[in-house]
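The structure appears below as structure tokens.
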Amino acid sequence: MSRFFKSAAFPILIVVVLAFFAQRLINPGDSGPRYDYSTFQQDLSEGNVKSAVVKTKGNLLEVTLKSPANQKHEVGYVPDNGNTLVGQLERERVAFDIEGTKSNGWLSLLTYVLPFLIFIGFWIFLMNQVQGGGSKVMSFGKSRARRLSVDSPKITFRDVAGADEAVEELHEIKEFLENPKKFQALGARIPKGVLLYGPPGTGKTLLARAVAGEAGVPFFSISGSDFVEMFVGVGASRVRDLFEQAKQNAPCIIFMDEIDAVGRHRGAGMGGGHDEREQTLNQLLVEMDGFEAKDNIIMIAATNRPDILDPALLRPGRFDRQVTVDRPDRKGRSKILEVHTRGKPLAREIDIDALAGQTPGFTGADLANLVNEAALLAARTGKREITQVELEEGIMRVIAGPEKKTRVMSSEERRITAYHEMGHALVGHFLEHADPVHKISVIGRGQALGYTISMPQEDKFLTTRAALGDTMAMTLGGRAAEEIIFGEITTGASNDLEKVTGTAKQMVMRFGMSEKLGPRVFGHDQSQPFLGREFSSQADYSDEIAREIDDEIRRIVETAHQSAKDILTEHRESLVYISEILIKRETIEKDQFEALVDGRTEEEVFGAEASPPPDVPLPPATERGRDTPRPLPRPGLAGGAAEMHFPERPELA
């Protein structure tokens, strides 16, 4: 019901109802049967008229009848017939009176004024609606910045973990706002702007909120997209209004989230030099450069895309200081987990540092989601504390999504998936530079039918050519296992091939790791599709070089593929034995996998109650019947195994 009162239909309904009552007030309808002039003449001739009032204004005759007693009627008459009417009344000896211009003045005034008053009232109502808030029509030129209330819950630097360098830089901002004379005495000038940049989920907005909670000065928060509208000049007007508010409340802080929405490199796109976004950027440049030292206004901005920002925005005098907020290392992840587990009941055996080691590449948002998922799982099962089981399942949910235990797979597809995943695991296990295998499963998660997770033992910032080669070989281990065991390949390796081809292309064209082509970069980096500085780029190499690049990419991929096949051919017995165990057990953990590879039996690894898997001989590929072709999976998804890729996170092969 509240939605109806706020909708546009409500004022329209009010106007219709008021107009109806006004019409009824001005022209009230008669009740009873119609009384016409001929009926009046009949009553007059029969002597049934008791009295009459002749109203010259409106040409109406008010008649009072004898029977029914004192019943009154109004009837119109022709003005030219007035004298004749009066004569008839005199002849019939009817008492009558004549009313001239006398009338109800208030009613006449209301007749003319009421419609106008209704229109004025409706117009005022509309104006109040469109001017009521920052998002209304008549407020286009006003800034949409939200001022942080003093009474709102505060976030301090104590709530920020894993970004010590960024906290140190921003802590200096707080000190300047609290005690500017300390810096001015040494002739220091505080940075007018601080740009926070880094991957999504690393805590850039959280840092800005912490500054707001610590500084104790007015804090204005706005998004870059709030400046851009379809109307010309709105963005520039909002920028001016924002800085006017800031100057009136100095010292203060302005925080602009996702500044790349308005600060993109000028000249990009199809808008030309008079693009509305560019006019907004020009006004922002003028306002930032127009600061005076006494204003004590500091602007903090956050973005995931510093590479597309206009150089004029990043020059000294505007954003003097640029702070990188990167993914936390193991120590940082441990501190972040301590923050997010604060106040949550954890089991005694949980080791936060060990948990941080299991989450390489996780951002602060990922870790917060991990802990929340674990808490939800514990509550779902009726536990009173969060155990290691829920935390490990939370890691898997963040990486690959929830389990799909109800997904129905045929026995043939399940067998192919198991051998595919075991191919990844065995190749990764026997290669020196591949990341250790952490978990293997044929239980689907998300859109994948199975997965193999490999985790680095420590955070890595550089990768060698040998490590890239081993990683590609491990990625192709699933396809190699299908070829060796089944003599056939499936669509499950489609994403494997995509990842391997991309890595080989980077090695040749970006990293200079091709012995034939040498240390040289070819072409432009296409990994940033939103740069927008150029719609198309031309290759800076000849067709002959392009052919050599293709040959090198093919050679690198085939080398990795052959390496995977050689390893699996040598360890074919382990591939068959452990894959059959995986089909039966569905999931094999790291320690169990390593024990099985070392030659231990299933009973020794899983317990005495386990029986060895049945020895089911695999028929040659030429003797197996072919099933009816099935629809191909969507591009990039696994057809027979999990081929999910999360950059900077544990590898799923």
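Each Cβ is built from the backbone N, Cα and C atoms, and glycine gets one as well.
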According to Swiss-Prot, which candidate in ASP329, ASP351, ASP353, ASP496 joins HIS420, HIS424 at the Zn(2+) site: ASP496
Per Swiss-Prot, the range holding region 'Disordered', considering 501-551, 603-653: 603-653
Of LYS204, HIS420 (the binding-site residues), the residue whose Cβ has the fewest other Cβ atoms within 10 Å: LYS204
ATP site shell beyond GLY198, PRO199, PRO200, GLY201, THR202, GLY203, LYS204, THR205, criterion: Cβ within 8 Å of Cβ centroid: ALA302, ASN304, VAL325, THR363, GLY364, ALA365
Residues that sit under 8 angstroms from PRO200 (ATP binding site) by C-beta distance, when 6+ apart in the chain: ASN304, THR363, ALA365
Sparsest Cβ surroundings (other CB atoms within 10 Å) among the binding-site residues THR202, THR205: THR205
Among GLY198, PRO199, which are binding-site residues, the residue with the most C-beta atoms within 10 angstroms of its C-beta: GLY198
Between GLU421 (active site) and ASP496 (Zn(2+) binding site): CA-CA distance (Å): 12
